[in-house]
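TrEMBL annotations:
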type	residues	note
DOMAIN	25-506	domain 'Major facilitator superfamily (MFS) profile'
TRANSMEM	20-50	transmembrane segment
TRANSMEM	70-89	transmembrane segment
TRANSMEM	101-120	transmembrane segment
TRANSMEM	164-191	transmembrane segment
TRANSMEM	214-233	transmembrane segment
TRANSMEM	371-392	transmembrane segment
TRANSMEM	404-426	transmembrane segment
TRANSMEM	438-462	transmembrane segment
TRANSMEM	482-501	transmembrane segment
Amino acid sequence: MARDKQAAVLNAPDVAKTQWYHFTAIIIAGMGFFTDAYDLFSISFVIKLLGRIYYTKQGAAKPGTLPPNVSAAVTGVALCGTLAGQLCFGWLGDKLGRKKVYGITLMLMVFSSIASGLSFGSSPEGVMATLCFFRFWLGFGIGGDYPLSATIMSEYANKKTRGAFIAAVFAMQGFGILAAGIVSIVVSSAFDRAYKAPPYSVDPNASLVPQADYVWRIILMFGAIPAALTYFWRLKMPETARYTALVARNAKQAASDMSKVLQVSLEAEEVNVKEDSDNTFGLFTKEFARRHGLHLLGTTTTWFLFDIAYYSQNLFQKDIFSAIGWIPAAETMNGIEELYTIARAQTLTALCSLVPRYWFTVAFIDRIGRFAIQLMGFFFMTVFMFALAIPYHHWTLKPNRVGFVVLYSLTFFFSNFGPNATTFVVPAEIFPARLRSTCHGISAAAGKAGAIVGGFGFLYAAQSTNPAKTEAGYPPGIGMKNSLIMLATINFFGMLFTLLVPEPKGKSLEELSGETEE
């Protein structure tokens, strides 16, 4: 009898019709990813301006740039915080419940976004240290949102459209990317018109107006607004039925919650739910290794390899645009104009290819399947990266630059209509409820480890092999061509490790995890 009541509660979300609540949950859960993408892209816009403001030397031929160690810290510290947050909140989500820790992550994001813009110090080093401190905690909050949002959405969704709902949460990144670009363009354009300044080559001192220090602060703080607006709604979300029934073992409460949320009628009588002894294994057990060891290896390695390639491209897309001539030399612009130019180039790319491809995955993930989309994505990323790398000199010639941008955009298309979404979706589906958030956190943390490798490594790897052509403070690297070849090879290995990941399409979470096996 207890098993029948438990099955009824668990079956209710799987067979429920798509309702307005599902779409509300996507927006509420997706705000963390909006903030994640906003932060990632906005810091890449303002990093050049930070170099001009705090590290320009009097009489230098070129405007200042952040020293390599400072640039690596500013861009990478949020990734380190995200990794820690994914592991910490992933574990807490299974131990305390998804709902209990869900609001904490959002408040961390709101507070840290505002504090990042208020970074202070009596020296450049002091300002950068303060900025890095708050960006770490911003990343920590963002990291917690990965396992919690994915797990909550997977446990609320019905099995026919579960992949699309989880992917839609992740696709909120697209709106965060656009928002970062639009805010950067609007703010920099407004300040550039209000405070006219000549290019650095004309007048180095006058090329950076004092008001430029407000520009980067406003841009960073703006990301807190959408996240703050959804805080109240997160507090109102009930605990998921699967956690309440399978982990907290309170089928009565689970039935009551689902009756209110999904507008279905469930009997809410007291039921004592007991798990089979075979289904109580922990994460560090032989039984977990037997049932899910290869699955966890597959989700961690594919996310790790993908993020090496993806974050290398994302964080330093502006450098590739500079290399092919889309962004003029820094000394030909004033400080705010340079920020505007970088933001415009990246926003145009995002608008034309980045944002639409997020929604391609939402549209097709429950038709084609996660496995096919991920395999296809890695395959085409490999092909296009090699197509860019091998004849790299050809693409740097002025008549061929448009072709370079087209191929580069195609690699981004198949990253998001591919492993960028599926590596997020699958870990929320294939593990048992009592370990689901933890395993998703581990998989996501592996991804952020890859992002750290890509984010830090590409700073140095993409430098010219000629010491005379490297950026200030950087040692010679392997060059852009060899960096692209390296990224293509990484994508190829991601394709191989995808073979370890099962296909969850059309199956219930309990069927995938084996929790309802007799």
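Placed from the backbone N, Cα and C atoms, the Cβ positions cover glycine too.
Since the structure is predicted, the reported quantities are computational estimates derived from the model, not experimental observations.
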Whether the transmembrane segment (70-89) meets the transmembrane segment (438-462): three or more C-beta pairs under 8 angstroms: yes
PLDDT averaged over the residues of the domain 'Major facilitator superfamily (MFS) profile' (25-506): 85
Stretch of maximal Cβ-Cβ contact with the transmembrane segment (438-462) [cut-off: under 8 Å; candidates 20-50, 101-120, 214-233, 371-392, 404-426]: 404-426
